[in-house]
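Undergrad: Got a structure here, written out as structure tokens. Questions coming.
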Amino acid sequence: MAPTKGKPSTKGKSAKLGAKSSAKSKSSASKPEGISKNRQKKLTLAKPGGAQKTKSRTKDGRKKKRVYSEKELDIPLLNGIVPAGIAKPKGEKKGKIFVDDPASMMAIMSVVNAEKEGRIESKITRARQLEEIREAKRVEAEGRRDEKDKAFEERKEGLKKKRRRSAPAKGGDDDDEGKAKKSKKDGKYKARKRVSFG
């Protein structure tokens, strides 16, 4: 490659550029970009390590007045009929005491308790009846099972007796069986056709 004359001049330019960039970096370190001068002064005067707290004020510079609701002010309701049972005395839970006279309240309670006890008693009697019905069904099922077992045992015994009776008779009647077979083969009875698959 042929040497060019512009090389030394480029070195001079780059040196100037380097000096400018270093100057800019120094100034940027001291002053953050994008912040107004007034804000920069405040930041330099602020205590290190803590964020500044600003008081929230309205446009006029006055504090906001609190608005109270009707419930908080205890304003009485006008033209409202409140039943005695629903009226809630201050400091007490709603709906706990409806009757002023304790004797009448006890009378009401006894009536309600009697009704509930009657329901409970009826439930208990119903449960007892159902239990008796279940017991009767179970006994009946057991009786049926016993009868079936007895019938089964009787049949077994009957079959055993038949075998015992027929066993000695078979030994003496060999000639009779042979005659019966011959008579079948003579042509009176048709021989069954046997078909095998396989």
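If you go along the chain as it appears here, the first residue is 1 and each next one adds 1.
Including glycine, each Cβ sits where the backbone N, Cα and C put it.
Values in this document were obtained by computation on a predicted structure and should not be read as measured data.
What Swiss-Prot shows for this protein is this:
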- 115-135: coiled coil (COILED)
- 15-31: compositional bias 'Low complexity' (COMPBIAS)
- 54-66: compositional bias 'Basic residues' (COMPBIAS)
- 127-157: compositional bias 'Basic and acidic residues' (COMPBIAS)
- 158-167: compositional bias 'Basic residues' (COMPBIAS)
- 181-198: compositional bias 'Basic residues' (COMPBIAS)
- 1-70: region 'Disordered' (REGION)
- 127-198: region 'Disordered' (REGION)
Undergrad: If you run through the compositional bias 'Basic residues' (158-167) with DSSP, how many residues end up as helix, strand and coil?
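TA: Within the compositional bias 'Basic residues' (158-167) the tally stands at 10 helix, 0 strand, 0 coil.
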Undergrad: For the compositional bias 'Basic and acidic residues' (127-157), what are the DSSP-based totals of helix, strand and coil residues?
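TA: Once the DSSP states are binned, the compositional bias 'Basic and acidic residues' (127-157) shows 31 helix, 0 strand, 0 coil.
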Undergrad: Please average pLDDT over the coiled coil (115-135) for the predicted structure.
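TA: Mean model confidence (pLDDT) across the coiled coil (115-135) is 88.
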